[in-house]
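Okay, structure first, notes after.
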Amino acid sequence: MEVSLSSTSCIPLSSKLNLNLKHKHALFHSQFPILTASAKTRRTKPFFIGNASRQTLSSNWLVSPHDFSASTASPWLPRFEELDTTNMLLRQRIIFLGSQVDDMTADFIISQLLFLDAEDSKKDIKLFINSPGGSVTAGMGIYDAMKLCKADVSTVCLGLAASMGAFILASGTKGKRYCMPNSRVMIHQPLGTAGGKATEMSIRIREMAYHKIKINKILSKITGKPEEQIEVDTDRDNFMNPWEAKEYGLVDGVIDDGKPGLVAPIADASPPPKTRVWDLWKVEGGRKAKKNLPSEHKFLQNASKGSQGSDGDKGAGQQGETPIAL
């Protein structure tokens, strides 16, 4: 097909659609302006379109001859890249765990860890944690990915790191595990339910016992405490403030004012006073400790007399009196 186009005068692109076209076989495209010329000029100065251009203009049935949206974008037009906070933080080698630990979250965290480690294994990876915990198997996957990375993984607790969140917090590189001054850390044993047939229940119970022993061994290796103490401390929900978590060995420092790298709210640098609570692992460690505890009868006797001292401090006259019935 031959199409003749002249170069004498041009009509603006905005008036293309308002033209009364006399030549029904003419082809129009946004890249080619409509030209007006006499018939003689069309015969003397023909313009041939090759096969490749034919397909671009009219032969392709998916593109309408008057579809101006099919034209290519101008090279001088700016191109914008879609960004979000996750990608912007990832460029700074920062990963944020701010939800429950499940399979989908674990896959996302693992992929980011492996990507940053492959990009540069000499720079630290910062993992910020604000998670109530979740799946044990998903948390173990994140733990294995952290140990697989050649780069150091620095962990920072923001808000709450409980259950598997605390486990991941403690699994960071030694010397690079931190807590914000207003955060909380909680450790406990794995939770789960068992139902169905007796054989199925036994399988689930055995699996829960396996994960409990495995987590206790890893925490014992991280904190340097015996497994017996870890087992007693994780028997129930054990909440800690940042300084208690540091003393326990779960973190290495508390980020406060004056520390470089992060800006933290104003807080007291000194740890809060300890509550007068006995160490459960020492009390339950042996039977001798249990024998030293006051009996219920002696406790009621002291309460009835209003005595503030111990049983050994009482006089002979007090021992002879009968306690008041409650």
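Glycine is treated like the rest: Cβ placed from N, Cα and C.
So that you can see what the record holds, here are the features copied from TrEMBL:
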ACT_SITE  Ser163  active site
ACT_SITE  His188  active site
COMPBIAS  289-299  compositional bias 'Basic and acidic residues'
REGION    289-326  region 'Disordered'
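Around the Cβ of Ser163 (active site), the number of neighbouring Cβ atoms within 10 Å comes to 26.
Between the CA atoms of His188 (active site) and Ser163 (active site) there is a gap of 6 Å, rounded to the nearest whole number.
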